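Here the structure is laid out as C-alpha cells; the discussion comes afterwards.
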Amino acid sequence: MELTDLLLVAILLLTARLTLSSPVPPACDPRLLNKLLRDSYLLHSRLSQCPDVNPLSIPVLLPAVDFSLGEWKTQTEQSKAQDILGAVSLLLEGVMAARGQLEPSCLSSLLGQLSGQVRLLLGALQGLLGTQLPPQGRTTAHKDPSALFLSLQQLLRGKVRFLLLVEGPALCVRRTLPTTAVPSRTSQLLTLNKFPNRTSGLLETNFSVVARTAGPGLLNRLQGFRAKIIPGQLNQTSGSLDQIPGYLNGTHEPVNGTHGLFAGTSLQTLEAPDVVPGAFNKGSLPLNLQSGLPPIPSLAADGYTLFPPSPTFPTPGSPPQLPPVS
C-alpha cells in the first residue's frame, strides 16, 4: 500500500474519530486546525527531498490567500463563509489539475497527500458553514508546485484560523442547537393525543355489551357471563367440567377474591350492592330494594340473549355439592 493510501485512510479515521467523540462538527474541534497546520508544514518540507521538481507545463489557478484584518472585519458572516469555501474549493481543483499533468513520481505522491488534506479541510468547513455554492473569488495563475503547498498554509494561518477562532464558537453553538433541542409541551401534547384511549374504549365496549344483554335480570346476566368462562382458563386447570366440581373457583371451599371470579358459595351473594343504579348507559334497570335484583323486563332486546343462563348452576340458596372424600 502506498503512502498516499495510508494517508487517506488516516484522514478518514481521524474524521470518524472527531465526529464520534463529540456531538459538535469536526471544525469546532481545535485539534483539527492544529493537525492540518502541522501536516501542511511537514508535507511542504518533504518537497525539497523530491529530485527534479520542475515547473508545471500548464499554469493552474489558485485562490488569492492574502489576508487583511481590517477588510475581514467589514465583511458579513455569509460573505466570510462564501469566501473561505470558494478559496478551499479552488485550491482543491488546482491541486488535482497539477497532479493530472504529472506522471507517477515523488511530486505526484506529495500532491496526492496534499489533496487529501484539502479535502479534509473542505469537508470540515462544509459541516460548519453548509454546502452553499461559493462565488468565484480572485485567482492567480501559478506554475511553481511549491505555490500549492504555500497556498494551503496561508489559508490555514489566515482566513480559516480567524474564522474558527473568532466566528467559530457562535457557529458551533448554532449548529448543535437542532440536535439537542427539547420538543415543546405543545408538540408533546399533540403527540399524546394521537394515541387512542384504549382503556376508555374497552370500558365503553363492556358497558354496551351488558346494556344490550336481555334476560330475567342481573342474576341471569351474571350466570350467562359465568357460563361463557372457559374451564381451567382462569385457574390454569386442565380438567373438564364433569371432573372438576366448582371449576369456576378451582377450590372445594369458599374463597375470597384471589381464587376465582366470584367470591362466596351462594348466588345470594351475587346481589349487586356495589353496582350503582344507572351505571349502565342504556338498558339499565332500577334495582328492586327487597330482593336486590332488577325486575324482569317485559321485552327482550333483539329477541335473544347474548349470554344465555347456564342450566348447571345450583338454585339460589342451595349449598355447593362437595365431592366425597375418599
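Positions of Cβ are set from backbone N, Cα and C atoms, glycine also.
Summarising the annotation, Swiss-Prot assigns compositional bias 'Pro residues' to 308-326.
Residues or ranges marked as disulfide bond in Swiss-Prot: CYS28-CYS172 (among others). DSSP assigns CYS28 (disulfide bond) to a helical segment in the three-state reduction.
Taken from Swiss-Prot, the feature disulfide bond applies to CYS50-CYS106 (among others), supported by sequence analysis. Secondary structure at CYS106 (disulfide bond), as computed by DSSP, is helix. Other Cβ atoms within 10 Å of the Cβ of CYS106 (disulfide bond), summed over all protein chains shown, number 15.
The annotation N-linked glycosylation site is assigned in Swiss-Prot to ASN197 (among others) on the grounds of sequence analysis.
Sequence annotations record features per position, and here Swiss-Prot assigns N-linked glycosylation site to ASN206 (among others).
Swiss-Prot lists ASN235 (among others) with the feature N-linked glycosylation site.
Annotation source Swiss-Prot lists N-linked glycosylation site at ASN249 (among others), citing sequence analysis.
The N-linked glycosylation site feature in Swiss-Prot is assigned to ASN256 (among others); the stated evidence is sequence analysis.
According to Swiss-Prot, the region 'Disordered' annotation covers 307-326.
Under the heading signal peptide, Swiss-Prot lists 1-21.
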Q. By a simple count of other Cβ atoms within 10 Å, which of CYS28, CYS172, the disulfide-bonded residues in the record, is least packed?
A. CYS172
Q: In whole Å, note down how far the CA of CYS172 (disulfide bond) lies from the CA of CYS50 (disulfide bond).
A: 40
(Q) Let's check the environment of CYS50 (disulfide bond): how many other CB atoms sit within 10 Å of its CB? (A) 14
